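Peer 1: Copied straight from Swiss-Prot:
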| type | residues | note |
| --- | --- | --- |
| BINDING | 54, 55, 104, 132, 135, 265, 266 | carbamoyl phosphate binding site |
| BINDING | 83, 165, 226 | L-aspartate binding site |
């Protein structure tokens, strides 16, 4: 049951919830380039205190495709926040205008606070370095759509697994399924202990690797996030490490024929651009599916069963 629910953490949603969302997203794909009146008269407020391109635009397009209206802001600049207004007061004002609120914020816990203040449902569009539940739902939807199932797949997660909020939410979402996870990163950029412990407690099999070459032949999915330069004190060490976590044509020679490569975008140089034209590249499809997935999410939240 999705009606009236907040979407704050990936941990709040079951396997059954996800399948219901995926089936609705598949249905919504036929309307992703048109306009319907499913949510005519409804208003979505976007409160993006942190920059975003794909998440904000896909939510806005999704609401407009459903026949609803959008208000809000893509930056705190020019809003009352600059005058010192608290997050809680900003949310209270948006709550008075809208039927659903989508928030992105640099501080972890901001979406939870918004949900406590607002009477309307609140959707977390990314807060702090930990939560990005709708991106994870999109990622797993892409996997489900490509393979027809999620159970039984070997999923590799590569790059800065500690500081990418997409990784935390993705691991927690995949924990609903019978998958094997391969964490591929420098040791000091392994995922947070609480994320690993959560998945392990749910029975997920996993292993840790510093070299992608040793496991690429086993993978069905390779999910890539960038190595963040700002995490390194030594620029030379960054360059050395970064080069070890790139997806190249040479690497994929040893991959399964059906391997798919995903990336939450934007990418820097962690995926060779020549891979874009190969059957492995699914990251642009993944981004495009953000609209029907979020159409389904908004529709389920705002529509009584």
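Note that Cβ sites are derived from N, Cα and C of the backbone, with glycine treated the same way.
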Peer 1: Once the chains shown are all counted, how many other Cβ atoms turn up within 10 Å of the Cβ of residue 135 (carbamoyl phosphate binding site)?
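Peer 2: For residue 135 (carbamoyl phosphate binding site), the count of other Cβ atoms within 10 Å is 26.
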Peer 1: Measuring Cα to Cα, how many angstrom lie between residue 54 (carbamoyl phosphate binding site) and residue 165 (L-aspartate binding site)?
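Peer 2: Roughly 15 Å, rounded to the nearest whole number.
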Peer 1: Cβ-Cβ under 8 Å from residue 266 (carbamoyl phosphate binding site), same chain, 6 or more residues apart: which ones?
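Peer 2: Correct list: 53.
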Peer 1: Would you say which of the binding-site residues 54, 132, 165, 226 has the most Cβ atoms within 10 Å of its own Cβ?
Peer 2: 132
Peer 1: Between residue 165 (L-aspartate binding site) and residue 55 (carbamoyl phosphate binding site), what is the CA-CA distance rounded to a whole number of Å?
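Peer 2: Cα-Cα distance, residue 165 (L-aspartate binding site) to residue 55 (carbamoyl phosphate binding site): 13 Å.
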Peer 1: What is the separation, in Å, between the Cα atoms of residue 135 (carbamoyl phosphate binding site) and residue 226 (L-aspartate binding site)?
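Peer 2: Pair distance, Cα basis, whole Å: 16 Å.
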Peer 1: Taking the recorded carbamoyl phosphate site as 54, 55, 104, 132, 135, 265, 266, identify the other residues of that chain whose CB atom sits within 8 Å of the mean position of the site's CB atoms, giving them in sequence order.
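Peer 2: Residues close to the carbamoyl phosphate site, other than 54, 55, 104, 132, 135, 265, 266: 52, 53, 125, 126, 166, 264.
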Peer 1: To see if you understand the setup: which same-chain residues, six or more apart in sequence, place their Cβ under 8 Å from that of residue 265 (carbamoyl phosphate binding site)?
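Peer 2: Residues satisfying the criterion: 54, 283, 287.
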Peer 1: Any same-chain residues 6+ apart from residue 55 (carbamoyl phosphate binding site) with CB under 8 Å of its CB? Would you list them in sequence order, or say none?
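Peer 2: Looking at Cβ-Cβ distances below 8 Å from residue 55 (carbamoyl phosphate binding site), excluding near sequence neighbours, one finds 104, 125, 126, 132, 134, 135, 290.
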Peer 1: Max Cα distance spanning 54, 55, 104, 132, 135, 265, 266 (carbamoyl phosphate binders), Å?
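Peer 2: Site span for carbamoyl phosphate, by Cα atoms: 17 Å.
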Peer 1: When DSSP is mapped onto helix/strand/coil, what comes out for residue 265 (carbamoyl phosphate binding site)?
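Peer 2: For residue 265 (carbamoyl phosphate binding site) - judged by DSSP and reduced to three states - the answer is coil.
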Peer 1: State the count of C-beta atoms found within 10 angstroms of the C-beta of residue 104 (carbamoyl phosphate binding site), not counting that atom itself.
Peer 2: 23
Peer 1: Name the secondary structure element type, per DSSP in three states, that contains residue 55 (carbamoyl phosphate binding site).
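Peer 2: It is helical.
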